[in-house]
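First up is the structure itself, then whatever we jot down about it.
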Amino acid sequence: METTKLPPSSPSSPTTSFSVPSAEKVDGFPRRSMRRARQRRSHSSSQFRYQSSQVELTPLPLLKDAPVAELHDLFCKKLQQCCVLFDFLDCVADLKGKEIKRAALNELVESVATSRGVLIEPLYPEAIKMISVNIFRTLPPSENPEFDPEEDEPTLEASWPHLQLVYEFFLRFLESPDFQPSMAKRYVDQKFVLQLLELFDSEDPREREYLKTILHRVYGKLLGLRAYIRKQINNIFLRFIYETEHFNGVAELLEILGSIINGFALPLKAEHKQFLVRVLIPLHTAKSLSIFHAQLAYCVVQFMEKDATVTEYIIRGLLKYWPKTCTQKEVMFLGEIEEILDVIEPSQFIRVQEPLFKQIAACISSPHFQVAERALYFWNNEYILSLIEENCQVILPLVFATLYRVSKEHWNQTIVSLIYNVLKTFMEMNSKLFDDLTASYKVEKQKFTDATPLFSSVDSMNQFTKLITVNSSTT
Amino acid sequence: FSRCAAQQRHSVTATVSKMAGADGDDSLYPIAVLIDELRNEDVQLRLNSIKKLSTIALALGVERTRTELLPFLTDTIYDEDEVLLALAEQLGNFTMLVGGPEYVHCLLPPLESLATVEETVVRDKAVESLRKISQEHSPVDLEVHFEPLVKRLASGDWFTSRTSACGLFSVCYPRVSSTVKAEIRQHFRTLCSDDTPMVRRAAASKLGEFAKVLELDYVKSDIISLFTALASDEQDSVRLLAVEACVSIATLLPQEDLETLVMPTLRQAAEDKSWRVRYMVADKFSELQKAVGPEITKNDLVPAFQNLLKDCEAEVRAAAANKVKEFCENLPEDNREQIIMTHILPCVKELVSDTNQHVKSALASVIMGLSTILGKDNTIEHLLPLFLAQLKDECPEVRLNIISNLDCVNEVIGIRQLSQSLLPAIVELAEDAKWRVRLAIIEYMPLLAGQLGVEFFDEKLNTLCMAWLIDHVYAIREAATCNLMKLVEKFGAEWAQNTIVPKVLGMANDPNYLHRMTTLFCINALSEACGQEITTKQMLPVVLKMSNDQVANVRFNVAKSLQKIGPVLDSNALQTEVKPVLEKLATDTDMDVKYFAQEAISVLALA
């Protein structure tokens, strides 16, 4: 039976699990709430609570009709009007007021986007105040505490009809040719940015999309905030990895970082290397990796392209966190390794080839055919193949026994034929080494099993060689 | 690093082999193997070996453990987290193995490294072990060895070491000189305003614990300002931890200081803009109430509690609803009733028809407790309508929570007041489409039967109990069987003989073999409670007859039943009636029937 205790568990709540011993993480909230919402609202918002008294809105004259002398004053009044918040959970409440605000927001967006000379200094604090009042709020508890971003529909923000226009206004404001960073930096400060970052936990993908673009612009235009933004993103990630394992906006933040990394100066600062080793690599351990893996792998590869010397950290890091039971993640790791190998420098490759190919051999012998298949596809990549060929003396002995054994044992026919292909490739690369390994494998094998050794005679060995040739030509 | 570690390993292994060789004694050989496994490539082997670390240390002796094993372990800090966790745990119990309290400080270097790793589980375990061995340090060693370690951690570069430091201040503070105490307070202060929220969270979560070991003057001067600062942190995850600390701090302070030092912050937390902080206040409400005492409760907490019960987030309302009974119980007795009736009950009434089912079911789990506090008249007049409304709630969990707490009301007004509404509610739950709901109500049947009495039961509930026996879900049939046993224990063998045994035995002729098996399961459960006579005269003949059943499952369950009821029967019945049937079943064509018949024969010693 469900218990009646009802702990909150929202994406951003500092929740921890009962089952994980690390649960004595600092706050004592169980991660998985036991509640199961019966009738799910698809909208949620806790914004309206702080409305002190409902103000009746009256429509103001249109901006486009205003005489130039009164334009700024009217603009300012409209900004103030838009600071009034409405209850969107009650969809019929104050429809007139909602419409007036919507129209005003539309006008503001339009005006900032199209007319020049609107953004004068006194408007900055008013604009930022309007934006803050509307977007900054404590995100409501998740409707579905076991929210799985891959399976479940996200809870959408109920006040989106207004919120979207506010975000749109903010974006246009930042992108306006009149925008002056020197004026904005007084109002868009560290506290503002911190609140902006917290909103990335929103379950509503539309909101996160806007936030992503906006943060990117802020990062681009307000240079003084850059280091602070990076540090706070670090903190969000560390909390996600080691404390809550829940944050909806990881993918969006990584996407921004992807382009930030691109712009790092060389040689890489210690701060940036630390970010790679202590934040980006451990992010691979997250349970929800699949949601942001593409963006994460992109960041990792960006780092390598910037500075090849980080390659060894990256590969050894991935090997350390290699998934032990989750095959779906294993396939993602293999994908990332291939992306890395695609751009790896041969000198760096030599430094990691040994541990790396031990892991690849382990993947090839995985009973899960997708894992084995993903690993075997490496041999279809020309650049990787050239690296393997150059280092055949090291790599072939590492993988030979596995290939040999799996070619005999694997249940999946596709895997077997892929392996025959790989064996054939090796045979062509270095037939002498291949024969030596075959012979010594046979000796080893006989030492351990008296019963039915794999190759009891030279004949069957020739058969094996023939089999490789036949099978590989058919696939 | 790794080369140095390798040498170390080599020397440890070499020592052991030498010892083994010199004594011409092979008994150390296993130890050499264990040490060898500490560096095996297979994590599982390393882990096994680490778990036997005390054996290794014992074999090496205290001297070699200190000079060789510990430096070697300090170097393995770059291992898998799982191995590190085991190591961190082991080292907490190593004091005697390094030569007792005099040498306990040798354990600090490896634990210090472990307290800085990224993985929270490992770090927490290292801190736990450090806290443990801190008690084994002499005051001098504490200042010479332990306190410098805490300082190093507190000023570490990476947040992990600073987080760990937060948990160590309170264990060394009481036992060091006043100069060192001042330094410790300074370090704690620094961490409370650390740059990273992770460290501030760790500091906030240890604030209460640290306050407890501080002198009262410093609680007032230092802790209060830290508390106030953390309670208004920019991150709600920090603020909510300050609420927890609030309980400890309020307990430490004299009543007259609470109003000025604690209450402003607590009031602010109860109205925090983040629902998580308000949730925390609601969740800790009973503790807070006890900590601040009756006067402040009356003036401040009652309105705060009302607000939490009316909060806009269901999470917060539910947490507060869970505390309704405890809060009311702990109100000062002189005007408890008046406060409840005028301030709390109106909010409770609203919650009964809350839009969120979790809020309603949280309330339903405690609301019955109010009847003992308010007494008979108030219960009948004010609470009864609420109970009745909840008994009709659309959500089965709410109804169940009411039914499962009926005993509280029974003591005050007697359950009869409710029986009119109770019955339809029970019947509806008994037929709920979800089998888990049916299962839950079955579990309350014995309790209900006890409170409603045998007559009411026979009249209204007996049919339900029998209907569950033919439920299509096995778990329900099983629970129903167990329920019958409990009812017989309550109402006695005679009642069983008249009301349920005939019905149970009647099912032996049912065309459905699952129902026939249910007869056997019921007999298994009931024979002991019914006693020898009923078992021998009424049940045994039915069981024996079923040994000819067409379905093998029924036949082997006959064998199992006979084994089960055997001890209740006399030896005559066993020899003349049971034995022949079991012998026949032992030659059955079905393998399982044979097996269970033979088992029964041997258990009952009939061979």
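Note: Cβ is positioned from N, Cα and C throughout, glycine not excepted.
Whatever TrEMBL says is automated annotation, not expert-curated.
The model shown is predicted, which means the values in this text are computed figures rather than measured ones.
Here is what TrEMBL says about this protein:
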- B:30-68: repeat 'HEAT' (REPEAT)
- B:107-145: repeat 'HEAT' (REPEAT)
- B:107-288: domain 'Phosphatase 2A Regulatory Subunit A helical' (DOMAIN)
- B:184-222: repeat 'HEAT' (REPEAT)
- B:223-261: repeat 'HEAT' (REPEAT)
- B:262-300: repeat 'HEAT' (REPEAT)
- B:301-338: repeat 'HEAT' (REPEAT)
- B:344-382: repeat 'HEAT' (REPEAT)
- B:383-421: repeat 'HEAT' (REPEAT)
- B:422-460: repeat 'HEAT' (REPEAT)
- B:500-538: repeat 'HEAT' (REPEAT)
- B:539-577: repeat 'HEAT' (REPEAT)
- B:578-607: repeat 'HEAT' (REPEAT)
Revision key, fill the gap. Lying 6 or more residues past either end of the repeat 'HEAT' (B:539-577) yet within Cβ distance under 8 Å of it, the residues of that chain are 501, 505, 508, 513, 516-517, 519-521, 523-524, 526-528, 530-532, 584-585, 588, 590, 592-593, 595-597, 599-600, 603-604, 606
Review point. Against which stretches of its own chain does the repeat 'HEAT' (B:500-538) lie, if we need a Cβ under 8 Å and a gap of at least six residues from its ends?
Key: 462, 465-466, 469-470, 477-478, 481-482, 484-485, 487-489, 493, 545-546, 549, 551, 553-554, 557-558, 560-561, 564-565, 568-570, 573
Check your understanding: For the repeat 'HEAT' (B:578-607), what are the same-chain contacts with Cβ under 8 Å, counting residues 6+ beyond its ends?
Key -> 540, 544, 547, 552, 555-560, 562-563, 566, 569
Practice item. Please give the average pLDDT for the repeat 'HEAT' (B:107-145) in this predicted model. Key: 92
Exercise for review: May I ask for the residues of the chain that lie six or more residues beyond the repeat 'HEAT' (B:344-382) and have a Cβ under 8 Å from a Cβ within it?
Suggested key: 302, 305-306, 309-310, 314, 317-319, 321-329, 336-337, 389-390, 393, 395, 397-399, 401-402, 404-406, 408-409, 411-413, 417
Check your understanding: Would you list the DSSP helix, strand and coil counts for the residues of the repeat 'HEAT' (B:539-577)?
Key -> 32 helix, 0 strand, 7 coil
Point to revise | the repeat 'HEAT' (B:30-68), counted residue by residue under DSSP: helix, strand, coil | key: 33 helix, 0 strand, 6 coil
